[in-house]
Amino acid sequence: MLMNFDKLGAWRWILSGICALMALFLLLPILFIVALSFGNSRWLIFPPPGWTLKWYGDLFADPRWLQAAFTSAKIAAIVMVLSVAIGLLASLALVRGRFRGRAVLRGFFLTPMVLPVVIIAVALYAAFLRLGLNGTLVGFVIAHLIVALPFAIITISGALETFDPAIEDAAILCGANPWEARFRVTLPAISHGLFSAAIFSFLISWDEVVLAIFMASPTLQTLPVKVWTTLRQDLTPVIAAASTLLVLLTVVLMIAAALIRKGKSR
Amino acid sequence: MTSPYLHINGIRKTFGDVVATDHVELEIGEGEFMTFLGPSGSGKSTTLYILAGFQDPTAGDIRLRGKSILQTPSHKRNIGMVFQRYTLFPHLSVGENVAFPLRVRRAPQAEIAAKVKRALSLVRLDGFEERMPANMSGGQQQRVALARALVYDPPVLLMDEPLSALDKKLREEIQYEIRRIHQQTGVTILYVTHDQEEALRLSDRIAVFNRGRIEQVGTGPELYASPATHFVADFIGDSAFLTGELAEVKDGRATLRFNDGTHLADVPMHGAGARGGKAELMLRPERIDLSDAAGPQGASLPVTVEDVTFLGNNSAVTARTGWGDPLYIRLNFGHPMMGSVGRGDKLHVRWQPQDAHVFPKA
Ligand SMILES: Nc1ncnc2c1ncn2[C@@H]1O[C@H](COP(=O)(O)OP(=O)(O)O)[C@@H](O)[C@H]1O
Ligand SMILES: [Mg+2]
């Protein structure tokens, strides 16, 4: 260790203070939104003069919001399943395969992570124009899959790398055919990686907004797109309520991912 | 002629330019404990993997009870194997690990329960069914792996350096367990190690591997008493080598001439060597004696004592031959020369005629 935290003396308090400020800085907008969603002011005044659940009532009474939430969940669920399935196959090839150009292929799979999302969005929009996929569920899923896949590949490859292939060999000698060995031994052994990949893939799709704005049509909108379009017409606290629910699901899933990781390292 | 139980028949395996094994030829009897002993990279594991079916040989055949098994895929060979690395299924309990081979064979539940219990009892892990592999020591994990490999009564059990990750004391403990289990079950075992002591302790017979080939097959005492090659002599037990020239070769016996003109006649010769070629005389320090008088022809050499160290129950003597090669001799306590021998003494080392061996030098 370069620096031992316990031996830093006064620096300890200064560093802790900076950390706390950073955390506050990152959390403040979220706390702000949550507070506004329960505030009784029509004009998003902070601090709110009083408290109400009215905006949540309005949100759940409006079928367009529910429709958007349902669309978001549907797309995120499909993206999650495909991302894990494709990510698993790609990881098997990248980790277990012995072929030329493996490193290049790995880098290629991860490019969507470093490419600006807007560029991916414009490129997809142009391509989908010809294919007639803009504004369709398939278009949405493909777009989100492109940005979710790198995360799935990183997580699953990581789990697979720590799994000794000799364990699979042992299962085969025990009498399991190669596919049985993979399903009964390898998959359960890397399940923590698969779960993490699933949660991240779901979340990436669930709160993605740039690609979604390009893919959306008046009849097919995800929740972030609905928040965005509503925001431009009318600054209603219903948006704060919708955002709060969006954040809530994200937080719950992040905690689940953290618990899975903790369970693994136990 | 009856066919051998297991016949490794002229196995050759190449990886590109690398020859991993070459003409490996071995017959193994039913119930035999056969060890592959050799340095790292000598082709032991490759031979085992070919038996397991993880690799196909470039040439040669493997026959079990007279039938080739090369066309049978690994999972149908019914062979048991314990690996060098820990290979328990991490998400399954000890009991489920051992039950796994029976479950994939769709054995009835009652039979599974009984066999798992018996297998765990065999490796002295009764009552460990519920334990998870992560909560066990390396030695315990390898014993579970052994139980898992034996639970389906395989015709052959392969073990690839299963104890190399364990510390010395634990290793010896499990070696005795493996011996006991071999005697108790009568299973045929092919065991790989690079540790000669482990090989000698466990095996009925040892096949000594060097550079992809088997140099010699025999029991431990056979390999020690009559090594067929320089490599085997060097690998099993301590040995000293004295280099000279072949003055005469006749009927498997040689006359060696050393640099200072000393002749040594009538020594057993191994391998092909022509007159005039270089050869080495092999002697074991614990099989040679020090004496005032020369021994019979071919079983003694004159030396000059250089140093004597008293070590309690024995003395270590360093002597030099007439042409300057060092020789180490151990004198046990009570030896008539102990106490009287000193620096500069001109004496003779002597040995039993069968204890010296000559190997041609390439
Ligand atoms: N999969 C492989 N690819 C290339 N070379 C290999 C492979 N497996 C083994 N070898 C080579 O074959 C030789 C024998 O290896 P191995 O059978 O593992 O030796 P041992 O088990 O006696 O240490 C070594 O030179 C090794 O580098
Ligand atoms: Mg090996």
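Including glycine, each Cβ sits where the backbone N, Cα and C put it.
Annotated features, as they stand in TrEMBL:
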TRANSMEM  A:12-38  transmembrane segment
DOMAIN    A:69-257  domain 'ABC transmembrane type-1'
TRANSMEM  A:75-95  transmembrane segment
TRANSMEM  A:107-131  transmembrane segment
TRANSMEM  A:137-160  transmembrane segment
TRANSMEM  A:194-215  transmembrane segment
TRANSMEM  A:235-260  transmembrane segment
Between A:12-38, A:107-131, A:137-160, A:194-215, A:235-260, who has the most Cβ pairs under 8 Å to the transmembrane segment (A:75-95)?
A:137-160
When you look at the transmembrane segment (A:194-215) alongside the transmembrane segment (A:107-131), do they share 3+ Cβ pairs under 8 Å, ignoring any pair fewer than 6 residues apart in sequence?
yes
Kindly say whether the transmembrane segment (A:12-38) and the transmembrane segment (A:235-260) touch, using the definition of 3 or more Cβ pairs under 8 Å where each pair is 6 or more positions apart.
yes
